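S.K.: Please find one structure pasted underneath; my questions will follow.
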């Protein structure tokens, strides 16, 4: 009976931990917030100087764009580090400082290797380039979008509201486009596909996390001989994860080099064999002799660490577009309009800004989360991290910006529902919870769904408004 009640409220506990992380994000973000206010003030002075003092608009616009883009990168890196690194630190799979360095490196790798599709979509896929009067107008539009997104993130974070950078930049680009080029210039079908991804991605992560947990529970945790089952199936899981991720990397590299991908992809898949074999040897050593048999959560520390690295890579691949997309238009190296190309240097610069935010401000956030991270079960954390990483990588490949935090919440819902289903299956005669307790838990779950929904229902119109206002103010200040 005790196990049944524990299993029933496991979803609520995990959702409570996500709430704890979001609360910590607001407090830990305050140093970045103060920096953001100072940067917005400097940018306002720069823009005014373009009209009052007659400075070169292109040069000053590039400087202002670089400043705001760098701050957005710092904000992204500092805000989302707890989602990827927290579970591994709490499970004892890695220390805080090595974890921050590892995540920062994975963010840079994801940004430079896999960030091109999302960046290109944000740089030129939301509005019709044919409406542009000049390259300078496009640069002004993207500068306004950066300022609008940064303003909303600063205001919302200062008010204690969780906010998504991806939602913010999409709304700001659309708003600035409408102000600059008119309502008809916006690619509404593209916006619809992006909004659909915001809904589908948490559902996809939930289904995938549920499937992984169901597999681990049925074939390992509930096996009659858990030691034998773990030695049989965990190496398969690790090998498959390593092989598929390396094959994905091989496809990215061959696409960038313009060579035939099949040999490199096959070589990457072969690397899965030593990865699985290494895990098998480790498990054999864990279960050998007369020593106390390891608990399941200890066995999942190495897989969890691997999933965290992949999740950080996926986060860098997707969120880098929020910075690199507008920046590739503002800087002259990327071209303009339909001929826009995303330079590797811009992706690397944006990735470095995100990594710097992780290193400078991530330690404070992970430390503030405290016991909320420590008590997160490594098995569930592995399922959520791997499902989140896979979902975000798929979205990145399709060029769709999504919120990593919202995808992770979807994964937690999926894991929680599977846990409750398995618990009901084991405890069919369990005493029902009081009606008041059931209502309370439903309210908790609905509040998380409402938070995700409100994040893009409120954020997109607000950032569209701020992006439009920013464009009109820039045009007024510069006289263009």
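Heads up, the Cβ atoms here are built off N, Cα and C, so glycines get one too.
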S.K.: From the ranges 299-317, 318-336, 413-431, pick the one that TrEMBL records as transmembrane segment.
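M.R.: In TrEMBL, residues 299-317 carry the label transmembrane segment.
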S.K.: Can you work out which residues elsewhere in the same chain, 6+ from the ends of the transmembrane segment (259-278), have a Cβ less than 8 Å from its Cβ atoms?
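M.R.: Beyond its ends, the transmembrane segment (259-278) has Cβ neighbours at 235-236, 238-240, 242-244, 246-247, 249-251, 253.
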S.K.: Counting CB pairs under 8 Å, which listed stretch among 168-188, 194-220, 232-253, 340-361, 381-400 touches the transmembrane segment (88-106) the most?
M.R.: 340-361
S.K.: Excluding the flanking five residues on each side, which residues at least 6 beyond the ends of the transmembrane segment (232-253) place their CB within less than 8 Å of a CB in that stretch?
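M.R.: Distal contacts: 113-114, 215-216, 219-220, 261, 264-265, 267-273, 275-277, 279-280, 283, 299, 302-303, 306-307, 310, 386, 393.
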S.K.: Could you name the stretch, out of 58-76, 194-220, 299-317, with the greatest number of CB pairs under 8 A to the transmembrane segment (340-361)?
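M.R.: Checked against 58-76, 194-220, 299-317; highest Cβ contact count belongs to 58-76.
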